[in-house]
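Read the structure below first, then the notes.
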Amino acid sequence: MTDAAYSSPMGKVDSPFSRLMSGTTGPVIVVVAVIVAVWYIAAALLNAPAQRDAFQRAGQTDVTLAEFVVATYAQERPVLPAPHQVAAEIWATTAEKAITSKRSLIYHSGITLSSTLLGFVLGTALGIGLAILVVHSRVLDKSLMPWVISSQTIPILAIAPMIIVVLNAINVTGLWPKALISTYLSFFPVTVGMVKGLRSPEIIQLDLMKTYSASGFQTLLMLRLPSAMPYLFASMKVAVAASLVGAIVGELPTGAVAGLGARLLSGSYYGQTVQIWSALIVAAVLAASLVTIVSIAERVVLRRMGMAR
Amino acid sequence: MTSASLTLSARGVAGTQRFLAYAITIAALFALPLASHADGPVVAGMSQLLLGAALLAGIGLLIGFGVQGGRLLDLMLLAVSGVTAILLLRFVAAYPGTVKGGFWALVVALWLSSWLFVERLSAWDVTDRAAKRAIGLAIPLLFGVWVLVLWELLVTGFGVPKILLPAPSDIGLRFASSIPTLWADFRQTFLKAVLIGYAIGCGAGFVTAILVDKVDFLRRGLLPIGNLVSALPIIGIAPIMVMWFGFDWPSKAAVVIIMTFFPMLVNTVTGLASADRIQHDLMRTYAANYWQTLVKMRLPMALPFIFNALKINSTLALIGAIVAEFFGTPIVGMGFRISTEVGRLNVDMVWAEIAVAALAGSAFYGLVTLLERVFTFWHPSVRG
């Protein structure tokens, strides 16, 4: 495969296959295939010791290599589950379970997603509001902004358990504490990006607004906010991913009640590796789809505003 | 003062500043009936507080009427605010949870006066570069100190239970009294898991990037995946790593390695591609081979990108190690301490641990930034 891609000289790309390989789609497919293959090999190797013990205990000594490898892919609690085991688990816990069931991954994803989205919306609104204040107040710009920037160097996630437990102590439970952590994580990138974006209009454009005798509010609405849109979407992509991480970590200290984080935690308590991996994959899919949705919104909005690159 | 500063303050007193100055006076005057509101016949420290209120009211009037005091007046404002803050802190420590309306009026006056000071300080017309930098540093520092003072006043003044939010002084005391524990946690989490994981993760990402860069096919295939992985909640891998590598620091280092690998890979590959066609051509005219081009042109060109990844990773590494400890540790470590002390409702200890994490995180980041300045002194963003 790789040979074919290399031996076809540039300029003579004719066949659909070599065209595929000269773009990004082909190489990505190949890399993913390699990753899956490595995963299978690693699963066989990592699960082998336990499987050898199992066969020895069962008194089976004459197993062929093929039988042995197949057996390593069918353990109940493998060290590393094979991809198809994870896929089967995901299928079983999404499509074959009722959505209301506590074993349904869709149910848990929904819980995580709701606090992610609530936190993301709050965090984005807060970030935009703070950025507008910072751009219009010199005191806030000089006193608050350095802290906003340096706060990104602090492992904010460490305070997640405290927020959850403390809010539990005053009877705030469920969605809000988790959403608060997501808010906190998603608001910094939006603030920093929006401050940059609101300052992105050039002096000459601001001067033009002045010659129109536009008020500060009109300048904000008609010049600053529109020109900040590309920055807003770029930081929203970071923020939505951070928000999901916040929601998942926020589910850890409540003691495995519900949500993807709780699935991870209960999986690690009971050694259910397949459950951990399926929660992990679902979380990854969720993150990828959230970022994709923001990217699509970005493309649509920027195209309608005539700013598409 | 010089005529320059006089004209400046004459211009600056307009608008916001005048409003703030009058607001200080009004708030400070509200604080004067403080005495009648206090419990008991004679309260120690009351007369001092009243003096502070009177001083604040006076200086507010001075600035409000547009008295030309120049920088001397600003420094007086700072001194009066500082003294009042100390008096307020001492008062609230003596009567926690029982302070009344007049006290809060003085707190508001203090808030307004700090605001006014920063407003005036940022209008100072300094040309000296060092002085400019000092002011740029002083303003956020003042803000930080003010947040701590307000936190202390509010928490002690309203008698907020320590379980909800301890006062900064409580956290400071706890910090000072449990330094051995904090140091042991720091050594376990930061010096072992974070530093080792960071070094291996960044190193592996860097080497992989050089290999990937050499093979164009891999570059096209790996970059989109690397970008995707950067957005994923990789931290979820922590329980698996704890299962594989046990409870001690190697499992945390493994999480850190995986978290830091991809940002480094993506950034280095992007950086290596940042050299222009014309620069490549120049190296060709020098008859430079691949390695010479790499070491003498492309790697230096990639340094800003590499340092960007190193900075991102310095935060990610600490987060990864702390969160991984939530899934199981020996009985030492920053994440372990946070989760267990939260369970025992020792919230001040949690805050002390968070202070350690914040200090370590900022110091780590600062160190990387310093190295960046040393190594990429030629880059426009550093030259300023």
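Counting starts with 1 at the first residue shown.
Positions of Cβ are set from backbone N, Cα and C atoms, glycine also.
Whatever TrEMBL says is automated annotation, not expert-curated.
Annotated features in TrEMBL:
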type	residues	note
DOMAIN	B:187-372	domain 'ABC transmembrane type-1'
TRANSMEM	B:19-36	transmembrane segment
TRANSMEM	B:42-63	transmembrane segment
TRANSMEM	B:75-95	transmembrane segment
TRANSMEM	B:101-118	transmembrane segment
TRANSMEM	B:130-151	transmembrane segment
TRANSMEM	B:190-212	transmembrane segment
TRANSMEM	B:224-247	transmembrane segment
TRANSMEM	B:253-275	transmembrane segment
TRANSMEM	B:316-338	transmembrane segment
TRANSMEM	B:350-371	transmembrane segment
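In this chain, the transmembrane segment (B:190-212) touches the transmembrane segment (B:253-275); three or more CB pairs sit within less than 8 A of each other, excluding pairs fewer than 6 residues apart. Between the transmembrane segment (B:190-212) and the transmembrane segment (B:316-338) there are 3 or more Cβ pairs closer than 8 Å, counting only residues 6 or more apart in sequence, so the two stretches are in contact. The stretches the transmembrane segment (B:101-118) and the transmembrane segment (B:224-247) do not meet in space: the count of Cβ pairs below 8 angstroms, excluding pairs fewer than 6 apart in sequence, stays at fewer than three.
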